[in-house]
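S.K.: The structure's right below; bear with me while I get my questions together.
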Amino acid sequence: MQSSTQKQAGSLTIVGSGIESISQITLQSLSHIEAASKVFYCVVDPATEAYLLAKNKNCVDLYQYYDNGKPRMDTYIQMAEVMLREVRNGLDIVGVFYGHPGVFVNPSQRAIAIAKSEGYQARMLPGISAEDCLFADLGIDPCNPGCVSYEASDFLIRERPVNVSSHFILWQVGCIGVADFTFVKFNNSKFGVLLDRLEHEYGADHTVVHYIAAVLPYENPVIDKLTISQLRDTEVAKRVSGISTFYIPPKELKDPSMDIMRRLELLAADQVPDKQWHFYPTNQWAPSAPNVVPYGPIEQAAIVQLGSHTIPEQFQPIATSKAMTDILTKLALDPKMLTEYKADRRAFAQSALELTVNERDALEMGTFWALRCAMKKMPSSFMDEVDANNLPVVAVVGVAVGAVAVTVVVSLNDLTDSVN
């Protein structure tokens, strides 16, 4: 066994092909597939398989290690090992697994861990999972009101807790208690055990959305709104397959803690949240979703302000050269160029004569802030507060609507802007 501190020839990169055929392979993943010495893949549709073969002629199908009645764990160990053998031979190996390569995938995690322990460079790149597709197709946001996700058999075996006030996602509901593999439909004879647990937690009439993400680009996803009791019907249960996922909406809403909100200074001592206000859109799958209009008083007040909107003084518009854009694009999509840059950032940056001095300095420094300052037009007021590298301290805020943004809505009487 080689020491984990040694630098070995050979590397392993694990990528995901997404769920929908071809289209969900990221640019980052594709660049590694094309540059690999050899590609090992486990994908579910032949179009993606053919696409991989077109991008790299040296491909091996890992699906050959499955067999009827064969324990899936044996298959996973073998999948990992055939990739590792080639890494040990000094090759740059890419493993492609459908969906997100680290979500409900054992051989990818095993291979990465072993490769790292033996001193090889190993990395996993993110991909699009069935859960990502579910969020998009069902129109739910895991942050509101939170989300719990379990593998169905593990949920039963370890008696995992349920939070009935959050989203609940169950994976692999079509193979309850199944440890081996079959090339045909799984025998889901223990499905009733799952329904018993769900009925105990939610009641027989609670909604369950049976979901299967679309694989082909011209398909629609399977979205069946059912109840737990309806799933006990034999014909309905037959629709559930090895690629099915269940989404169970919240049974109840949870009120915010006034004490915590005041400790976080989100509310003044004399303020209380307006419990009649709900963020739009509400959860269409919930059994008792409130009727919320898209343009209530709060929304109308915000929209009125658009009429007087001006760009803030501290807004930072893009202001970069084509040369800088081209170099950063290549660093993102060309693994070999990225390796060259990481080996000697100074030499790489100084050789890029088409860049401005500021752009070369930022590329040499290599930090997010340095690049942002070189590629954005920074207001002079930002220079009032700088870091050790004489770069402005800038807060970058995304568009995520978190619990704070959703919860901290006070009474309409406290709004300073009104709708005429």
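Glycine is treated like the rest: Cβ placed from N, Cα and C.
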S.K.: Among A130, A136, A269, indicate the single residue that Swiss-Prot lists for the S-adenosyl-L-methionine site containing Y98, H100, V103, Q172, A213, S244, T245.
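M.R.: Given Y98, H100, V103, Q172, A213, S244, T245 bind S-adenosyl-L-methionine in Swiss-Prot, the matching entry from A130, A136, A269 is A130.
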S.K.: Quick check on the record annotations: which of V178, V215, V393, V410 is tagged N-methylvaline by Swiss-Prot?
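M.R.: In Swiss-Prot, V410 carries the N-methylvaline label; others show none in the record.
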S.K.: With DSSP, how much of the region 'Clasp domain' (252-378) is helix, how much strand and how much coil, in residues?
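M.R.: Per DSSP, the residues of the region 'Clasp domain' (252-378) fall into 63 helix, 3 strand, 61 coil.
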S.K.: What is the average pLDDT across the region 'Clasp domain' (252-378)?
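M.R.: Within the region 'Clasp domain' (252-378), the model's average pLDDT equals 89.
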S.K.: For A213 (S-adenosyl-L-methionine binding site) and Y98 (active site), what Cα-Cα distance in Å is obtained after rounding to a whole number?
M.R.: 12
S.K.: Need the DSSP three-state call for V103 (S-adenosyl-L-methionine binding site) to compare against my parser.
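M.R.: V103 (S-adenosyl-L-methionine binding site) sits in coil per DSSP, no helix or strand.
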S.K.: DSSP three-state call for T245 (S-adenosyl-L-methionine binding site): helix, strand or coil?
M.R.: strand
